[in-house]
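The domain 'Cytidylate kinase' feature in TrEMBL is assigned to 6-210. Per TrEMBL, ATP binding site is recorded for Gly10, Pro11, Ala12, Ala13, Ser14, Gly15, Lys16, Gly17, Thr18.
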Amino acid sequence: MSLPVIAIDGPAASGKGTLARRVAAAYGFAHLDTGSLYRAVGVLLLRLGKDPGDADAAAKIARALKPDDTILTDPDLRGDEAAQAASQVAVVPEVRAALLDFQRGFAKHPPGDARGAVLDGRDIGTVICPDADAKLFVTASVEVRADRRLKELQERGIPAIPSDVLEDMKARDARDSQRAVAPLRPAGDAFVLDTSAMNAEEALAAAIAHIGSKTGLGTRR
Ligand SMILES: Nc1ncnc2c1ncn2[C@@H]1O[C@H](COP(=O)(O)OP(=O)(O)OP(=O)(O)O)[C@@H](O)[C@H]1O
Ligand SMILES: Nc1ccn([C@@H]2O[C@H](COP(=O)(O)O)[C@@H](O)[C@H]2O)c(=O)n1
């Protein structure tokens, strides 16, 4: 019998990662942040001194990526350089193809004794898990998202110029939603959750209400 899968997609800093972690904890599911896979490919490419636009080198790295590779938890993945490199390697069809089995493997056989899987990214509901039991598309206005990212950077002690953060966010949105392969868009059957005026608790409550209505699943507490 297959285990339940929840797909959570959305643009940068929409809060999908925060929501995915909380949904996974609420249901006792394993969570995969699929952005970290693209970030890992981007960072490894930069460390080899290659250009993030080098499609052949990026595809080779993506094919070799394994679930227990230490790069997947490397703090360098969280930086803006990694985010920009990730969105460049993410346009390469061979990179996306190489990471497909990794993600579907996680959804089908989540690690440990997890009772299901939550995957967050850009194409989970449309490409990776089109048969997911529930799909959410988390969004917020680009200004709200840039403000969240700015606060996050400030909390980490990283200096940032507000207008640069907003422009970077717009550039990544454009690259992610306009690429030819697996562009960022809500699946036809996704529940669109605009968190512009919601805090993380309110977003979680709305997500749980939707997941419950679609699947009949109850949370652990
Ligand atoms: N509903 C919310 N209200 C306010 N802040 C939020 C909300 N959800 C998340 N945040 C904060 O916004 C920032 C971005 O959230 P998060 O990392 O979850 O976004 P993301 O969509 O996964 O981003 P990315 O795609 O860039 O990894 C974090 O600092 C997080 O704590
Ligand atoms: N399913 C996915 C996940 C991510 N990407 C690309 O990676 C970049 C970084 O993702 P974050 O979620 O960590 O911000 C993102 O901008 C996408 O270009 C993807 O294509 N598909």
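The backbone N, Cα and C atoms fix where each Cβ goes, glycine too.
Because TrEMBL annotations are produced automatically, they should be read as predictions rather than curated entries.
Everything TrEMBL records as a feature, shown here on the structure.
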| residue | record | CB count, 10 Å |
| --- | --- | --- |
| Gly10 | ATP binding site | 28 |
| Ala12 | ATP binding site | 22 |
| Ser14 | ATP binding site | 26 |
| Lys16 | ATP binding site | 29 |
| Thr18 | ATP binding site | 17 |
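In the three-state DSSP assignment, the secondary structure recorded for Ala12 (ATP binding site) is coil. Those residues of the chain, other than Gly10, Pro11, Ala12, Ala13, Ser14, Gly15, Lys16, Gly17, Thr18, with a C-beta within 8 angstroms of the mean position of the ATP site C-beta atoms are Leu19, Asp120, Val138, Ala140, Arg145. With a cut-off of 6 Å between Cβ and the nearest atom of ligand 2, the binding-site residues Gly10, Ala12, Lys16, Thr18 reduce to Ala12.
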